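As structure tokens, the structure follows; a few thoughts come after it.
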Amino acid sequence: MTQDITQQDVLDAPFMKEMMNTTYDMWKLGWDELNGGNISYLLKEEEVRSYFDLNQVKRTISLDFPVIELANQYFLVTGSGKFFRKIIENPEECLAVLRVTSDGESVELLWGLSDGGRPTSELASHFMSHIVRLKHDPNHRVIMHTHATNLIAMTFTHELDEVQFTRTLWQMCTECLVVFPEGVGILPWMVPGTSEIGKATAEKMNEYRLAIWSHHGIFGAGESIDQVFGLIETVEKAAKVYNLVNAHPDGAKQVITDQQLIDLAEAFHVNPPNKYFS
């Protein structure tokens with residue numbers, strides 16, 4: 001006997017509320033214009049089972065890349081071409097609950113994309129990054145991509161060297177080194193929506209939870225939507241400070257010093273790699 005579950009029950013799910021509220025917040029911040037940005041949220045089977053009949057597959061969508069490592073895993077993802085500002089109004093059209101097939105060659109749609117749409121065009125980057133982050137953190141659950149305004153601007157005016165870029169961010173806001181002590185990865189400009197950018201992003205995820213797409217946006221990874229949103233929010237704040245400082249005719253008169261960064265790391269028990277201080 002299948003459980004009779006109404007749409008309202010589904011929209012009351014904590015993971016659904018998180019996705020709806022966060023995407024709206026991201027739009028209000030100006031990070032996700034038009035259909036920009038995408039999120040994927042790894043769900044536990046017991047979470048999904050409480051709201052969906054797992055035997056009812058609406059349709060199967062083939063993948064251009066195999067993800068056997070994610071076989072039988074469940075994801076809540078944003079849809080391709082969907083506006084973040086509309087998700088809170090029409091989640092069933094704009095979101096999707098997917099299950100990766102046992103062979104990793106396809107995903108099964110359990111809910112959502114009611115207009116016949118498809119999952120985010122960046123699904124390759126998301127799945128590849130999930131695979132890598134799960135190897136480093138078994139509690140990993142979220143990949144988030146957004147067009148953070150000040151960070152994009154910074155990729156035009158700052159050298160795209162990961163060590164120097166990270167150091168600059170750390171020097172702009174005291175909390176930065178504490179929030180992302182491993183630093184940030186940087187990709188050169190690449191065509192989005194391809195397996196190539198997915199592979200390059202996943203490679204960065206071996207070392208970082210944040211991968212900047214030059215002149216485009218940022219990818220973030222973490223254990224919850226709040227954690228990843230906070231990571232990106234912190235980087236974006238530092239980039240804004242950098243842009244404000246560099247707009248001043250005299251630039252910066254002082255910054256947080258290396259010794260102060262070292263003292264900060266010791267005080268908060270984080271271990272930034274030595275490469276940032278050599």
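Note: Cβ is positioned from N, Cα and C throughout, glycine not excepted.
Copied over from Swiss-Prot:
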type: ACT_SITE; residues: Glu122; note: active site
type: BINDING; residues: His145, His147, His216; note: Zn(2+) binding site
Query: What's the most sparsely packed of the recorded positions Glu122, His216, counting other C-beta atoms within 10 A?
result: His216
Message: Cβ atoms within 10 Å, counted per site: which of His145, His147 has the most, among these binding-site residues?
response: His145
Field: Structural state of His145 (Zn(2+) binding site), classified by DSSP into three states
entry: strand
- request: Could you state the whole-number distance in Å separating the C-alpha atoms of His147 (Zn(2+) binding site) and Glu122 (active site)?
  value: 13
Message: Centre the Cβ atoms of His145, His147, His216, go out 8 Å, and tell me which other residues of that chain have a Cβ in range of the Zn(2+) site.
response: Gly36, Gly37, Thr146, Ala148, Ile152, Pro192, Trp213, Gly217, Ile218, Phe219
